[in-house]
């Protein structure tokens, strides 16, 4: 949406260079429907994750701390979805005022950064736990995990400040509608470029490289261990799970990141073709649905890699209450993979033990 400023009358009045871009009847039906589905599935799934990890698993391991915070971040975002569903159903006419415009926009930005940072830390934690379990034991403590999560929430809040500052309600004169949008003055190109690059680099590229590196090193270490044990089927399982984790993250976010970059070019006037603007504005809410729906499934996806999580999750669905006493498991692992190599790979003759459990 390319916007030009016109006047100031309480709510700032602007002109839309491409007033029909992204405004299609099927979008006004499809996107609110998808938002509603994401809201129901996400609230239900992430609430169950919080209950299972906190009340059943007693929040005893580093991985469980990261997953709990991931679910909480998703819940914060999901609470804003009804607002965006109504906004889209009303054909991009914002009825909620300027304050809720800022809060709802910050909620989207906050979830992006918090979720990506938490997934990145989770991948680093898995690398340390699986490849260097002895060396990292003193660093991978509950206190360190909780402090890390506090820092992540603060960083995500800081990264969301531009949405609070620069997202506002505007009245578009040539469409006679009130919108909640970013609006950049034509002479100020630094801000949109900075925000776009921050979202692309800090919110995707840098975390993806860390996640890719961490799980590649995990796979290499486990592959070496399983070659010693001559356990090829298990090695194939490892590869499939790790590939699923990396590809799940990449394909969830890459469409949104690409169209975010194109949107910045439109805002700057680098792209002036209204046909391209229409494609971008039409695709943007669809990429948001893809990214955030997968985001909201992440706690379930990672949790179900663990046998104990699945066990307690099914107990919860059957209304079996958690035991009063916490379990005494000392495991600090996260998935159905069944070997945790020590720093000395030659000591892998014993029977495998689970290494991706959130126990």
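Even glycines carry a Cβ here, placed using N, Cα and C.
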Recorded membrane side (Swiss-Prot) equal for residue 141 and residue 314: yes
From 17, 199, 274, the recorded positions whose CA lies within 10 Å of that of residue 180 (disulfide bond): none
Within 10 angstroms of residue 274 (disulfide bond), Cα basis - recorded positions out of 17, 167, 176, 182: 17
Annotated stretches the transmembrane segment (191-216) and the transmembrane segment (99-125) touching (3 or more Cβ pairs under 8 Å): yes
Fewest-neighbour residue among binding-site residues, criterion Cβ within 10 Å, set 167, 183, 199: 183
Site of maximum Cβ density within 10 Å, from disulfide-bonded residues 18, 101, 274: 101
For residue 176 (N-linked glycosylation site): intrachain residues, at least 6 apart, with Cβ closer than 8 Å: none
